[in-house]
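Report on the structure given below.
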Amino acid sequence: KKQCGVLEGLKVKSEWGRAYGSGHDREAFSQAIWRATFAQVPESRSLFKRVHGDDTSHPAFIAHAERVLGGLDIAISTLDQPATLKEELDHLQVQHEGRKIPDNYFDAFKTAILHVVAAQLGRCYDREAWDACIDHIEDGIKGHH
């Protein structure tokens, strides 16, 4: 299995910059990721009661979804800076600790990211690099790094 090395990190960082876009695009992008996640694991919505996870168009959920992608954005943009990335992943791990998020929810989120990014980028997309680097980020959030 491919590792998330410097080259993979730089590729993902560059492709993420193109896929993530800006402004209103980001809202649609984050909603697409969460809808794809909930389609795979509908029961995961219960983790988001406080932010109206039953309605991905609710302003509270949109704000939450964008905060999550903001964290992912920081993680991806520091893939080529291991010390900074570790700090960010440690911070995200603390935020997720105690929530007992099953691994299959992380898997569904990763699948959603890969799907939405691929749809956004078409052929200019290195699936193996994304696969390795999203695993690396999620392992850090789960505390397996």
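Numbers run from 1 along the shown chain.
Cβ atoms here come from the backbone N, Cα and C positions, even for glycine.
Annotated features in Swiss-Prot:
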type	residues	note
BINDING	H96	heme b binding site
DISULFID	C4-C133	disulfide bond
DOMAIN	3-145	domain 'Globin'
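Counted with DSSP, the domain 'Globin' (3-145) comes out as 111 helix, 0 strand, 32 coil. In the shown protein chains, 24 other C-beta atoms lie within 10 A of the C-beta of C133 (disulfide bond).
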